[in-house]
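Peer 1: Quick one: the structure is below, and I'll ask about it shortly.
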Amino acid sequence: MGNYIYGLPERDPVLTDVLYNAAVLIDRCGKAAGTYRKVHPFASEKTWCRAGCDLPVFDTEIGRLGIMICGTPPSPKSPELSL
């Protein structure tokens, strides 16, 4: 079994009326190792989701892993900020 990333709408556990366009990292044991919430949603996504605010990096057996979701501006700064 490997590491997997699943995209999904994530409901905020505290502000239950807030959704995020999110990606969850599942580790080799099948447990959620972390979540990335899309930082730059498209205008059309803003009708249903809120922007995330972090660029997390996850330590895995194969090394450090960052996640970006489709539509993230193609800027070298995004990966740099997550280091």
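Quick reminder: no glycine exception, Cβ is built from N, Cα and C everywhere.
Caution: TrEMBL annotation is automatic and unverified by curators.
On a predicted model such as this, the values are computed, not experimentally measured, just so you know.
Below are the features listed in TrEMBL for this protein:
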DOMAIN    1-83  domain 'CN hydrolase'
Peer 1: By DSSP assignment, list the helix, strand and coil residue numbers for the domain 'CN hydrolase' (1-83), in that order.
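Peer 2: Summed by class, the stretch gives 8 helix, 31 strand, 44 coil.
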Peer 1: Looking only at the domain 'CN hydrolase' (1-83), report the model's average pLDDT.
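Peer 2: Residues in the domain 'CN hydrolase' (1-83) carry a mean pLDDT of 88 in this prediction.
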